[in-house]
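Enquirer: Right, I'll just put the structure down here and ask away after.
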């Protein structure tokens, strides 16, 4: 998978092994649709930064994952979304947090990068900027799904926070995968609640010119405190792009922030001289000292790499030579 353009997408890491087959197929169908959208755009010579925005917008519009419509809910039952985008060829970035009415958070992050003197806007300031820029706004109810309302009720009753990689936990401690996921006491519709928990989305692209870009969008944790900010909007943690690579992460946000996970991939490529997959493997094993996470990455040479330290990760990729795959498990 070397040379030419390449694209990878993810829909979150730590998939519950009991995920019903129909939900697996629904996820794969959505990822395939988004990959095809990205491939068509790359074949039309759209720049990498435009492609990552376009693909993540598509993911935000579908309620299956945890971004835009379908975002996780705060303790108050509201949605506070966040996103970031980075153009590696120009080292430019934009990020937003605490959004409650912006239909596509990733596009507001792009506008922060392109139309503001800043790199990061949050909460009321970000919402005001959205109104100034004329982006599409909707009522907060638009983002709320029946499944998420049910999960929030159960999570609150259990005094539990649901991480965006589908593992229930009491408090904000690090979680394990396996027994904790399959034997969860929290059940909805006769299945572990972790089967329904929504997940972060992301996209990384390198175009024919070797320009790398990355974008990540999320609703965060189910039953999170209002005002909580995760890794997804933090450049260097959940999202990073440079002349060498583009990276988007997913998983336990607090652990990803402490590890500056996305930036570490580029750093070990630059300073250790590792290839993309080697760098991803090294970072997941050596830099993520606690917590569960995964990431997708592309290099300026058209390589694609995945890495995760949990049961599975919704992901897919395509390259200019015709290769395409969508997967969940190892």
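The backbone N, Cα and C atoms fix where each Cβ goes, and this holds for glycine too.
In TrEMBL, annotation is done automatically, which means it is predicted and not curated.
Not my notes, these are from TrEMBL:
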type	residues	note
ACT_SITE	200	active site, nucleophile
BINDING	228, 229, 230, 231, 250, 251, 252, 253	substrate binding site
Enquirer: If you draw a 10 Å sphere around the Cβ of residue 251 (substrate binding site), how many other Cβ atoms fall inside it, taking every protein chain shown into account?
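Expert: The Cβ of residue 251 (substrate binding site) has 31 Cβ neighbours within 10 Å.
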Enquirer: Roughly how many angstrom lie between the C-alpha atoms of residue 253 (substrate binding site) and residue 200 (active site, nucleophile)?
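Expert: About 10 Å separate the Cα atoms of these two residues.
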Enquirer: Where residue 229 (substrate binding site) and residue 200 (active site, nucleophile) are concerned, what is their Cα separation in Å, rounded?
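Expert: Between the Cα atoms of residue 229 (substrate binding site) and residue 200 (active site, nucleophile), the distance comes to 13 Å.
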Enquirer: Hey, does DSSP put residue 251 (substrate binding site) in a helix, a strand, or just coil?
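Expert: Looking at the DSSP assignment, residue 251 (substrate binding site) belongs to a strand.
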Enquirer: Measuring CB to CB from residue 231 (substrate binding site), give everything in the same chain under 8 Å that is also at least six residues away in sequence.
Expert: 237, 238, 249, 253, 254, 256, 257, 261
Enquirer: Please list, in sequence order, the residues in the chain of residue 228 (substrate binding site) that are at least six apart in sequence and whose C-beta is under 8 Å away from its C-beta.
Expert: 74, 80, 220, 221
Enquirer: In Å, rounded, how far does the Cα of residue 200 (active site, nucleophile) sit from the Cα of residue 230 (substrate binding site)?
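Expert: With distance taken Cα to Cα, residue 230 (substrate binding site) is 11 Å from residue 200 (active site, nucleophile).
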